[in-house]
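Accompanying notes for the structure given below.
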Amino acid sequence: MEAATAPEAALRPTLKVKEASPADADGPQASPRRGTGSPLSQLLPPIEEHPKIWLPRALRQTYIRKVGDTVNLLIPFQGKPKPQAIWTRDGCALDTSRVSVRNGERDSILFIREAQRADSGRYQLSVQLGGLEATATIDILVIERPGPPQSIKLVDVWGSSATLEWTPPQDTGNAALLGYTVQKADTKSGLWFTVLERCRRASCTVPNLIVGNSYTFRVFAENQCGLSENAPITADLAHIQKAATVYRTEGFAQRDFSEAPKFTQPLADCTTVIGYDTQLFCCVRASPKPKIIWLKNKMDIQGNPKYRALTHLGICSLEIRKPGPFDGGIYTCKAVNPLGEASVDCRVDVKGKGRSVTLGCKHLLTP
């Protein structure tokens, strides 16, 4: 068989032989010490089985229950004839108003309807038969949720982190504390989120807070029974502010994009037919934006309903609506801005039946 450990050996049932006292010598239990022919020895039945307690393995360690739970322990034993089973708590008799005991032929039941913390203690079952006795010890611990930490305060805020401190609860619920649970809530949503579980110390640092938000914190105490029902909340808000950033720009010379008018695409000579609309195109580049003037044979034609002039993104166009025999000639596009002016020319020939005109192109540039 395997060797028993020290805690298990202490909890296992033990068999003891009572020492005979002068008082026992006069009682019926003294019969084994008398002669076999004694009348008293013939009245007591012989011991066929020594008393022994079969303690379940689950009860060899501390038996833990929550407040309000039922305690129902069934402890088998042996002994023949029927032994006497006696329960005690911490060496004293049981309180029959809280604990009920039922002894059977082969077992004993300890029953508590609604356990309270005051029911915690070391219970001992003693099985006696004649001068023999077997005992078993059961440790019962009744626990409940711990009380909340007494206070919590915001110690410091730097960057995107906050440091908290709190004091342990006065009532641990009759059990060792497993740690603390820390939660945070921003003032915008008001929702609580867990940031740390089972923190062993009474202080912590909460990192990764969002810049621009303000936070409150609360702490729960936790034991084997669960979290405390309430939690203290920090009185001060943790404001996560954005660090001021100073940008230094290097000096540079701003480029001057000013430019005198310059035609990048000149007018092209063309021949048209009487009655068919004709369009002239050219492109100009200048800064600031130039003023465009159209001329025919060096005469300004602005405002003449026979012509339609448009300018868009440096593209200049002139539409001659249904030209007649007298609409031929030299057309000029002039661009003017404060830095100078430039112009381009083209020749337009309008032909009908039996005649045509050859046209040429002339470019003029006036600084």
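In case you wondered, yes, glycine gets a Cβ from its N, Cα and C as well.
Over in TrEMBL, the protein carries these features:
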type   : residues : note
REGION : 1-44     : region 'Disordered'
DOMAIN : 45-139   : domain 'Ig-like'
DOMAIN : 148-243  : domain 'Fibronectin type-III'
DOMAIN : 261-345  : domain 'Ig-like'
Its residues classified by DSSP, the domain 'Ig-like' (45-139) shows 6 helix, 54 strand, 35 coil
Do you know the DSSP helix, strand and coil residue counts for the domain 'Fibronectin type-III' (148-243)?
0 helix, 49 strand, 47 coil
